[in-house]
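**Student:** This is the feature table in Swiss-Prot:
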- R15: site 'Transition state stabilizer' (SITE)
- K22: site 'Transition state stabilizer' (SITE)
- R152: site 'Positions MEP for the nucleophilic attack' (SITE)
- K205: site 'Positions MEP for the nucleophilic attack' (SITE)
Amino acid sequence: MTTAAIIVAAGRGTRAGGDLPKQWQPLAGRPVLAHTLAAFRAAAGVSRTLLVIHPDDRARAEALPGVAEGKVELVEGGASRDASVRNALEALAGAGIERVLIHDGARPLVAPELIARTLAALETAPGAAPAVPVSDALWRGEGGRVVGTQDRTGLFRAQTPQAFRYEAILAAHRAHPGGAADDVEVARAAGLEVAIVEGCEDNLKVTYPGDFARAERLLALAAGL
């Protein structure tokens, strides 16, 4: 089956610190996005890779491995995350794509096994996404004080890539009013069933300064350093 990967990297998040959005900050000598793109370019069965960028980042994006050679296609994002994803989905219309993976550009440590596991789940459901069960105690707070606890039974921390049958998720995005937290929310609003796939703790989203140090340690371990 023909599969495309959409890497969403149009955000301007600054919680990681620094002068650049987190996906453009250096990680082990390369931009975070370079690691993310490498994972999908190496993934089995992915025939097209689209990188969704902010218009201001085009020059940076054109310098990434795979872009100049045409192996990574650039798509400009929209005013929100779901608008950015829809732009990429529309760019694939009529191309014969059957499955699509949608991934946060700031998750550079996604493993090929996780990509394969998520795609395999599409054999039994129109959508699939990795997640990790919540293991910590959960509190509710007000004014800096604990006011209650939350049962964590059945709660998961969502990850990406989130995989879908292409035509189904395209129709779901076209029908959605906007404002979704992720593509699973868009899919469920359209009545699509989404299978939960076993996620991975190492598949972190680099969001805060400490995340970069952890990601560098994991990359070093993977390289046997």
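Placement of Cβ uses the backbone N, Cα and C atoms for every residue, glycine included.
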**Student:** Which whole-number value in Å describes the distance between the Cα atoms of R152 (site 'Positions MEP for the nucleophilic attack') and K205 (site 'Positions MEP for the nucleophilic attack')?
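**Tutor:** About 22 Å separate the Cα atoms of these two residues.
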**Student:** Find, for the listed recorded sites K22, R152, K205, the residue with the lowest Cβ contact count at a 10 Å cut-off, counting only other Cβ atoms.
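**Tutor:** Among the recorded sites K22, R152, K205, the sparsest Cβ neighbourhood within 10 Å belongs to R152.
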**Student:** Quick one: pull the CA-CA distance for K22 (site 'Transition state stabilizer') versus K205 (site 'Positions MEP for the nucleophilic attack'), whole Å only.
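**Tutor:** Rounded to the nearest whole number, the Cα-Cα distance is 10 Å.
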**Student:** Which three-state DSSP class does K205 (site 'Positions MEP for the nucleophilic attack') fall into?
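**Tutor:** Assignment for K205 (site 'Positions MEP for the nucleophilic attack') reads coil.
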